[in-house]
Amino acid sequence: KALEELRSSLYNELRTSEGAKRQQQRFCGPVVMGRVEFNFPIFLTLIHYSIDWILLAFFKTMSLLPVSPPKTTPFSSLFSLGAIMAFASGLANTSLKYNSVGFYQMAKIAVTPTIVFAEFIHFRKTISFKKVLALAVVLADVAVATVTDLEFNAFGACIAIAWIIPSAINKILWSNLQQEANCTALALMWKTTPITIFFLLALMPWLDPPGVLSFKWDINNSTAVLTLALLGFLLQWSGALALGATSATSHVVLGQLKTCVI
């Protein structure tokens, strides 16, 4: 009888839109910034890239790091990419702090046309009408899937809008630099990560609240943060591999698969 009552209550909870939204936020929301209450998105991003740099340094020490970008690669290109990555990743995590997952995904929809427009302006790159229709269908489906989870926050909306342009530029620069310079994803990460860390340090006083030193760094919280940083390294590496093998537009559409998983 107790099991039947529990099953009935869960069913009633899940079949309503509000109940489904609460379950989504509980299980699929930002865990570290939610349940762990680590409300420092820029510092979280900084930890992520610091772990990246430590792992890359270990790979380099063990002679596992592939060949670095050619010396002909301009330092200005590497510097620009590292700086843009700091803004793209930092603002993305800040957007997740202040916005619902649905609003975050809606903002991601705008990245695709931004990439197409930017590549047309700077590289005169065009896409076929069939691809335009395919992109429109994908974006419409994502919009339908996430529109029920929209929670508007003025500051969060500004952060989400500010994130769109650096996110698009980051994908374009990474894809072009990796393909034109013929360098591996790990080698490019090794060159740009220190620059990204520098700009994240500069962003922290502006976007992170005070009190990071007073955070409860116990075993559970520290493990959650470090686990997220390790997963972030794998995410960045896999994303870099995809950008080097395909294009910025293909990568952002692939990213919409995460919406389906959520």
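Using N, Cα and C of the backbone, Cβ positions are placed for all residues, glycine too.
Just so you know, TrEMBL annotations never went through curation; they're auto-generated.
Per TrEMBL, domain 'Sugar phosphate transporter' is recorded for 38-205.
Within the chain, the transmembrane segment (40-58) has long-range Cβ neighbours (under 8 A, six or more residues past its boundaries) at 32-33, 65, 86, 89-90, 93-94, 96-97, 186, 189-190, 193-194, 196-197, 200-201, 203-204, 207-209, 212, 215, 225-226, 228-230, 232-233, 236. What TrEMBL lists as transmembrane segment is 40-58 (among others).
Here TrEMBL flags 78-96 (among others) as transmembrane segment.
TrEMBL lists 102-120 (among others) with the feature transmembrane segment.
The annotation transmembrane segment is assigned in TrEMBL to 154-173 (among others).
Annotation source TrEMBL lists transmembrane segment at 185-204 (among others).
For 224-245 (among others), the entry in TrEMBL reads transmembrane segment.
Confidence in the domain 'Sugar phosphate transporter' (38-205), given as mean pLDDT, stands at 86. 78-96 is the stretch from 78-96, 102-120, 185-204 with the greatest number of Cβ pairs below 8 Å to the transmembrane segment (154-173).
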